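Structure, as structure tokens:
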Amino acid sequence: NYHLLTSLSQAINQVSASRQKHTLPDLTYDYGALEPHICAEIMQLHHSKHHATYVNNLNVTEEKYKEALAKGDVTAQVALQPALKFNGGGHINHTIFWTNLSPNGGGEPQGELMEAIKRDFGSFQTMKEKMSAATVAVQGSGWGWLGYDKDGGRLRIAACANQDPLQGTTGLIPLLGIDVWEHAYYLQYKNVRPDYVKAIWNAINWDNVSERLQAAKM
């Protein structure tokens, strides 16, 4: 019985440990489904290689962080913060990004989201232009975002460097993100970032963005 209990407890520990691990989310569409706006090769590399690397590195960093916490090693905890922010942000950002895109995307949002856009930006076209400009203007690598300011009850546009997560660094709740790391577009658009940003609007899943706004308001 003792051996049974020991092996059972070990099995439970293994399950709980594996549950805490972050995993690469599956896409709800094929890698080629967003063509011609984003080619299959970019999607495959971006999802199965780049996002997977953030997930793996986040898990490794969290393990080290747990060890540092257990030892009460504050110096090690502080030293691990940049890796947590970078890989954690990369995982958070890309998990949102894949759902923001759809083979049936594009067009204009409907209902409450459209009303909020018109209220806060004047028109959908103005919001698109402002978000595109902010996204194209990101220096080096980063993201352009449409976020929800819960305190002010309004939509805002923001840009974040590297993989800095929007909510963790600005307090805005992310609704729509455009990735402007070169790995997101270079194979297809080379160094012409504005063409990529213009094209990606044809793949935006406005239903997903609307759902995120509803959830943010709760």
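Including glycine, each Cβ sits where the backbone N, Cα and C put it.
TrEMBL does not curate its annotations; it predicts them automatically.
Just so it is clear, the model here is predicted, and its values are computed rather than measured.
TrEMBL lists His46, His94, Asp179, His183 with the feature Mn(2+) binding site. Taking Cβ-Cβ distances under 8 Å and a sequence separation of 6 or more, the neighbours of His183 (Mn(2+) binding site) in its chain are Ile42, Leu45, His46, His50.
For the domain 'Manganese/iron superoxide dismutase N-terminal' (21-102), the number of residues in each DSSP class (helix H, G, I; strand E, B; coil) is 59 helix, 1 strand, 22 coil. Residues or ranges marked as domain 'Manganese/iron superoxide dismutase N-terminal' in TrEMBL: 21-102.
What TrEMBL records for 109-212 is domain 'Manganese/iron superoxide dismutase C-terminal'.
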Mean of pLDDT values spanning the domain 'Manganese/iron superoxide dismutase C-terminal' (109-212): 97
Candidates His46, His94: member of the binding-site residues with the richest Cβ shell (10 Å): His94
In the chain carrying Asp179 (Mn(2+) binding site), residues 6 or more apart in sequence that have Cβ under 8 angstroms from it: His46, Asn93, His94, Phe97, Trp143
